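J.: Pulled these features from TrEMBL for this protein:
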- 13-120: domain 'Pirin N-terminal' (DOMAIN)
- 58, 60, 102, 104: Fe cation binding site (BINDING)
- 148-233: domain 'Quercetin 2,3-dioxygenase C-terminal cupin' (DOMAIN)
């Protein structure tokens with residue numbers, strides 16, 4: 001097993017006033033040749049936007065784009081005719097495929113909204129654009145990892161055009177956690193959203209991340225009041 005730990009304060013990013021953003025990988029004006037992507041994981045942005053502000057209509061193609069609000073809500077609109085509000089406990093995915101334009105605005109005029117935007121490189125190009133949004137409330141469980149994204153339309157959570165999985169964990173108590181990797185060539189990116197975990201004797205705190213490769217399974221200890229987000233992606237593109 002190989003792994004690297006990245007402290008939250010070492011992320012790239014910028015504060016534009018209306019937008020305070022942190023980048024785990026090269027994005028916009030942040031460029032690090034050593035931090036372009038982790039396998040199929042191209043972007044992991046941690047965004048905070050002020051009331052009434054947001055991202056106006058802009059285009060994408062051939063990318064799987066996942067949005068997970070952590071506070072507040074986002075008003076979504078796109079060229080497919082979709083209009084919705086994405087709340088905390090929701091997960092949204094767009095398969096951009098042949099091309100789609102969308103906007104993501106703070107749904108509230110007087111509240112700050114924060115969210116993760118994640119881009120995963122697809123294994124199929126030029127697919128028909130699609131949109132999916134679900135609530136995770138019905139299948140969320142405490143003190144264990146639960147699946148929120150997979151390659152299969154029939155599995156729990158949303159699905160994308162890639163052999164990738166995403167797990168969420170909300171731990172109210174100290175817990176030894178095990179995760180078995182679905183495909184041997186895949187790697188794991190994991191963020192401590194809140195709280196602390198201990199991995200291989202090392203402590204990861206709020207917004208710290210770890211990249212793991214060449215492993216069949218991983219183990220870590222979650223401390224009380226901890227939330228983690230785990231993404232399993234192919235390493236070979």
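Cβ coordinates come from backbone N, Cα and C, glycine included.
Whatever TrEMBL says is automated annotation, not expert-curated.
Since we're looking at a predicted model, the values are computed, not measured.
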J.: Give the sequence-ordered set of same-chain residues, not counting 58, 60, 102, 104, with Cβ within 8 Å of the centre of the Cβ atoms defining the Fe cation site.
T.: 55, 57, 59, 65, 78, 94, 100, 101, 103
J.: For the domain 'Quercetin 2,3-dioxygenase C-terminal cupin' (148-233), DSSP counts of helix, strand and coil?
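T.: Split by secondary structure, the domain 'Quercetin 2,3-dioxygenase C-terminal cupin' (148-233) comes out as 0 helix, 52 strand, 34 coil.
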J.: Near residue 102 (Fe cation binding site), how many other Cβ atoms are within 10 Å of its Cβ?
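T.: A count of 22.
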J.: Return the average pLDDT for the domain 'Pirin N-terminal' (13-120) as a whole number.
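T.: Mean per-residue confidence for the domain 'Pirin N-terminal' (13-120): 96 out of 100.
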J.: So how many of the residues in the domain 'Pirin N-terminal' (13-120) end up helix, strand or coil by DSSP?
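T.: When I sort the residues of the domain 'Pirin N-terminal' (13-120) into the three classes, I find 0 helix, 67 strand, 41 coil.
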J.: In sequence order, which same-chain residues at least six apart have a C-beta under 8 angstroms from residue 58 (Fe cation binding site)?
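T.: Once residues fewer than 6 apart are set aside, residue 58 (Fe cation binding site) is near 101, 102, 103.
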J.: Take the Cβ of residue 60 (Fe cation binding site) and count every other Cβ within 10 Å, whichever protein chain it belongs to.
T.: 18
J.: Inside 10 Å of the Cβ of residue 104 (Fe cation binding site), count up the other Cβ atoms and send me the figure.
T.: 25
